[in-house]
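As given in TrEMBL:
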| type | residues | note |
| --- | --- | --- |
| DOMAIN | 31-226 | domain 'GH16' |
| ACT_SITE | Glu112 | active site, nucleophile |
| ACT_SITE | Glu116 | active site, proton donor |
| CARBOHYD | Asn120 | N-linked glycosylation site |
Amino acid sequence: MITTMFLQSLSMRKANGFLFFYFLAFSLHVSARPATFLQDFRVTWADSHIRKIDGGRSIQLVLDQYSGCGFASKAKYLFGRVSMRIKLIPGDSAGTVTAFYMNSDTDAVRDELDFEFLGNRTGQPYTVQTNVFAHGKGDREQRVNLWFDPAADYHLYTIFWNHQHIVFYVDDVPIRVYKNNEAKGIPFPKLQPMGVYSTLWEADDWATRGGLEKINWSNAPFYAYYKDFDIEGCPVPGPATCASNRGNWWEGATYQALNALEARKYRWVRMNHMIYDYCADKSRYPTTPPECVAGI
């Protein structure tokens, strides 16, 4: 009996050891959450306006009359999930833009996935604008008024990207879906790796009410806060087979489409909080863009 139990225990330890090395090997192909900001990111603009907090586990971005600021991931990624918790500028934030996005940095043929948080006057809702660039073609803006105060606390903003679709999430609520309709001749970002970027900057020529509301610099400096930087995707340069590996968790059957609960939340956002959709803008697009007809 004791011998049998010993052999069973040894067998379990071997199995567990195998699983440990299997997951270790898998993790080498997929980037995971960094311990601090500096592990996966670098400052790209105005180092003096980005302040590290709590040993680099969170950061503060500063905008004043002299400069905004920005940061970017050290690597680029192809498919996966990227998220950050952000606390936006409180009070009168009109004319400011806090952006979190992915970009291939390939000029005219760039792919890009945008969150842009458009500041507003005190008491007015924050608007989040999303946009999708595929093979150099953008102008696919949608705008949603957030249903909470994003300056009162941190909220989770996520870009999810696999071969089937791109989904923008606010906390666990999908606010934008862009499907892969390549079979219908519509471009979809899938060949170019993208870096992860964020900026805080002045854009009062367009950000708030089309540029009618200007920044009140007497309220400067303006602050936005970030933490919980999470990147799970295929780093480039990296293993050549990672992006095409259908075994990656984000390519699983569960993630091929919104589940029933997500679909209900998505419809709720579009019915109650969407304030602009390029698909319905006949002044810009007398002929409905093909991806809108195919289903976004």
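We number each residue from 1, going along the chain as drawn.
Placement of Cβ uses the backbone N, Cα and C atoms for every residue, glycine included.
The model shown is predicted, which means the values in this text are computed figures rather than measured ones.
Distance between Cα atoms for the residue listed as 'N-linked glycosylation site' and Glu112 (active site, nucleophile): 25 Å, as a whole number. For the residue listed as 'active site, proton donor', applying a Cβ distance below 8 Å and a minimum sequence separation of six or more within one chain yields Val97, Thr98, Ala99, Tyr101, Val128, Gln129, Thr130, Asn131.
Sequence-distant neighbours of Glu112 (active site, nucleophile) (same chain, 6+ apart, CB under 8 A from its CB) are Tyr101, Met102, Asn103, Ser104, Asn131, Val132, Phe133, Gly138, Met194. Residues belonging to the domain 'GH16' (31-226) score a mean pLDDT of 95 in the model.
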